[in-house]
Every structure is written in structure tokens, then in C-alpha cells.
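So that you can see what the record holds, here are the features copied from TrEMBL:
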- His282: active site, nucleophile (ACT_SITE)
- Lys284, Lys513: substrate binding site (BINDING)
- His511: active site, proton donor/acceptor (ACT_SITE)
- Ser534: site 'Interaction with DNA' (SITE)
Amino acid sequence: MADSPPQIGFLLPLNDKFEEDTSKPQLPIFQGPNFVGRSCIPVADKRLSRKHLTVTASGDDGSADVVDGSNPIVVWSHDQRKKILSRERGRINHGDIIELIPGHYFFKYVTLATEKKSSSPNKEKRTLKESSELCEDEVQCVKRKRQVSDDEALARNLQSELYDDSLAQDNSSEGIRHFNVANKKLASTFRLLRVKGLPTWANTSSVSIGDVIQGNPLIAVLSNYMVDIDWLISACPTLKKVPHVLVIHGESDGTLVHMERNKPANWILHKPPLPISYGTHHSKAMLLVYPRGVRIIVHTANLIYVDWNNKNQGLWMQDFPWKDQNSSSSGCGFESDLIDYLSTLKWPGFTVNLPALGNFNINSSFFKKFDYSSAMVRLIASVPGYHKGPNLKKWGHMKLRTILQECIFDKKFHKSPLVYQFSSLGSLDEKWMSELASSMSSGVSTDKVPLGLGEPLIIWPTVEDVRCSLEGYAAGNAIPSPLKNVEKDFLKKYWAKWKASHTGRCRAMPHIKTFTRYQGQDIAWFLLTSSNLSKAAWGALQKNNSQLMIRSYELGVLFMPSLIKPGCEFSCTDNVNSSQDKDSKPSGSSDAKRTKFVTLAWHGSKNTDSSSEVIPLPVPYELPPKPYSSEDVPWSWERRYHKKDVHGQIWPRHVQLYTSQDS
């Protein structure tokens, strides 16, 4: 019989405090391939497969290659956290920690060779417990050295919080308290989602999922990245009554299997094609067809509990009537945007019978049957592909550039600053940042002079923001941020703080994504979108700027100066006049008003300019953004944080882990 391969090391089970867990066995690692999973770990958790992970150990230096199965794992090495996706390969060394399920089942890799080297020939080998105690002593030493500066930082934070509390007593600082928009103007602005744990005033005019999926929809098309069907149906019982539901999603593996098993019989699941690697279907929207028309909703929340309850999110919606079949009116920009985007999703068409309306094939062309002439926004979408020729300007940042080039802005926005605010940071470089800034700086002023390049700031939560947030470190799960992306030197000049006192949302971490150009509290344009700051979402120019490469599906709504249009008051669910907003002038009339966008902190008079209609936008963060101080550290989920959060936890201790593509 052949000799057994030599043992190289072992996997030491740890608890969630990174201490040895004696209730679980050590797993020996032999030279060559080793299978780690439910076959050798006594747990009933079916997320852990029998051969969850392959560890191939080398006898040379004790290091090992790890290859993941169908679910992601996480490897901690030198205090850096790296997620290894399905079928990817990584390397581990002595002392590295593996999370078999992100946030669960911690194992420390210990090599026998290293243990022997660390032993004295005249002394007994130090036990693992002693090693652990020494490691803890070293950590405590570092903590003591940092204690003074930590205490000073805490004092400053407390002073800041006291200052925020004093502001909260002053109604003028609670801008969102006064955000009450008439129905006829709702389509011209957006709303924030309701957040649990905030004071009542901070949720003024905010919405929940039941506020937007209401009435008697005949068809629901739900587009998203992450979908929890169990939560969705419980949170929105109206969906149980919808005869036809199409869910366009970005899920895979075990989650998709669960969705298939648990979806209602009348629901159809569809994942759009992803022709370029590392792309995802990330668009977040709803299309609800009613007997009276269609409701279009574009928002920033995944269809999961934490996104609709714990985080900063934004949502826009507008209702549109069925077209008059006798009308000869042609389509509009919004209709072209919508149909072009829907046609790329390639969902399986299905036939439905709508009472009193007839039989319809539900595909992208079906949505041409509605009158979008009253649309108050334009859609900015991204779809995967190598876009050139006439398609170069249809998607991503080139679509935004094209629309802004057609806009005329007030002269005050000449060289005015830009803001990029999002929840996932891609791998960026200065060349691409200049490319994006060029698109976002497009447009001319009233004297036909180009607005000129704007200086951007990136609003991104600091480590302290996350630690002190409503969710504590758990909020960092939804702010994917590899260390190699966050720590690029050129980004330091862009960092700005997440500050949201006027909306009461300083401690609700942002999952909302917004891009804007502003001057003071006046907004030139504003984009609410699913796009994070990444080439995958916005696209990158190639081949001497003749081709735009995009990996992912994204969708956003652009608020820009335009004439107030009739019909904005139409509702699919309320009995209001569906023909025309009586207070609005036809778009061709000489005294028609143009929209003027402002933040909730704007203090001007709405009556000073008779040619403008002032539209408040509930921008959740404060303008101008405050740049980071020398003590601020941008959040990265790959660092280890020993300072306890508001719930007494350290990092990592994950409740639910978003993938790096989410946003």
C-alpha cells in the first residue's frame, strides 16, 4: 500500500472573535489536494457543500492554493480581505484566515514547518493558545498606543454629534421636514425611501415599497440585481394579486435555485445576457401596467429587506396614459430611451389578455402603446457591449454627454463643481476620471459658451461613518470597496465626507447613487441612477474614442432644465384628470415656465423669477461637500477593524455580504 502524503499543516477552527473554537475539530492538510466542506466539518448548514473548497498544499514552503466551489469564500491575509468568487484561485500562507461562507465558518491556516521554525530546541513548542495570547498582547499594545488619539477623535465626534443635535432643534436645519411636493410636481423630483430608526421628521415624504406598487396592476415587470422573493411578497402583498409578473434579475447559483423553487406559478424569471465577463444586470426599475396606463419607477434599492429599511435610497416615478390610437403623435426622447433599453434585455415574450383592452404580446414594443410626452426626465442607461457608430452615444457616460450637450444652463454654472456619490468603487485611473469628467461637464450657458470642466468630489463614507451608523460595521457589507481600489494615491484629492444632517440621514449609510453639477444650493442637473463609479457601469472609450466598452446593465433618470409639460398630474391609481394639468401651460406657449432645481437647503424666493418653476430635489447629502481631513480614512471592507461599533461588534462579522458588483 502506498505511503500517505505528508501532513503540511492544518486548518484551526475559530469563533467570530477569532479565538480557537474547541467545539470543532482541526482539519489536517496534507501535501496535494484536500477537500474541505460538510464532509469533514460537523454542521448541517446546506450552504456548505460537501467539497466546498479545495486546498492544494505544497511541501516547499507550506503555502497552499485554494480553489472555491460554487459559492464565494473570503481570505484574510496581512489584514487585507479578499473575496474569491466561484471557481477562482487564491493563495494562502501560514496565519491566513479563511471564511468558508462570508461571515461564517472561520479557519486559520497553520503550517507545521512554520510552527517548528518558531520552536526553540531547548524549550517546549509554544501552544496555539499561547500564540493566540501573544497575538492578542501585540494587538493590545497597538491599541494602547492609539488610545490617546482615539479618545481625542471620540471627543471630536461627540462634539460634532452635540452640534448636530442642536441643529436638529432648529427647524431651518431640518430641510426635509418641509419637503412636501404637490402631485403635479412629483414627476419633476424624486423621493427618499423610508429608513427605520430615524426621527419622524426625517422620513417626511419618504416612501416604502407599498407606496409605489399599489392599486390593481395587471402586469408587473420588476428589474433588479438582488431579489428576495420571500421578503418581496410579504412586504408587498399587492404582488400576489398581479396576474403576470416578470422578474429581470442578476442572481445566480443557490439564490437562483431558491427563487425558482419558491416563486409563484405565474411569475417568470429572466436573467439578461452578459456577453462581457465581470458584468452584471444591475438596473433597478419597475414597470407596472394598469387599466389606465403604465407606471415607470426607477430607483436604487435591491429587492431585499435591508435596502428598503436601513439605507439611504432614492426613487423616481411617473404615470403615463395609454396612447390615443387615433393620434398621429410621434414618440419622444423618453420613449426612445425606454424602448431602446428594454429591447436589449431579450426577455421571453408572453401573451396576456387584459380585460377590456384585448390580447397583447408583452415584449419591448408593447411599451410603445403609452404616451410619454409628459415625461419630466430622460433615461440614462448602460448595456453590455462594444458600442460604436450610431450606438456610441446611446449608452453610458456618452449618452449623458450627448444629452447635456443639448442643454442650456444658467451662466452661474460655468466651471461649477461636480459630485460623484455612490456605494461601490471600481478600479479607476486618472485617464478614465478625466474622460468621465468631460462627459459630466458638457453643456453650454445662455450665452452659448461651453460650461467648461468641473472639478469633481467623491462623497464616500469614512470608517467612522460606518462604525457609528445605524447598522454599525454591518452597513459596510453594502459598500463594496477593495483596498487596492480605495488606496490609490490619486483619489485622495477627491474624497469628501458623507454628511446629511438636513435629511436626518448621517447615520443611514448610502446605497443611493447620484451624480450632479451644482453652484451653491442651485442644481444644474441631477442624475439618480444604479451606476456606481466604475468603468463597468459607465463604459470606457477605446480605439481612439471610436468605441465604448460597457460590461453591465444600469439605469438612471436625469433631471435637467426643461419646460413644465402638461399631463404630469396623470395617475394610474387616483381618480384625477388624465388629460392635462390645468395649471400648466402648453409647452409651446410664450409664458411656459422652465424648471429650476434647488436643494432642500436653498433659501431663495420662489417668486423672484416668473419664468422659472422652482423644483426642490431631496439631495440627501449637504452641498458643498466637505473634503476629508487628515484623520479621515475611506471605508474599505477588506481591512480589519478592532474598535467596536455601535452594536459592540468588530469587523469582519458579516450579517449579509453583497458581491463586489453590487452596488
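Placed from the backbone N, Cα and C atoms, the Cβ positions cover glycine too.
A TrEMBL annotation is a machine prediction, not a hand-curated record.
Feature map: annotations from TrEMBL on the structure.
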residue	record	Cβ within 10 Å
His282	active site, nucleophile	27
Lys284	substrate binding site	26
His511	active site, proton donor/acceptor	25
Lys513	substrate binding site	25
Ser534	site 'Interaction with DNA'	24
Between Lys284 (substrate binding site) and His511 (active site, proton donor/acceptor), what is the CA-CA distance rounded to a whole number of Å? 12
For Ser534 (site 'Interaction with DNA') and His282 (active site, nucleophile), determine the Cα separation and express it in whole Å. 13
As a whole number of Å, the Cα atom of Lys513 (substrate binding site) is distant from the Cα atom of His282 (active site, nucleophile) by 12
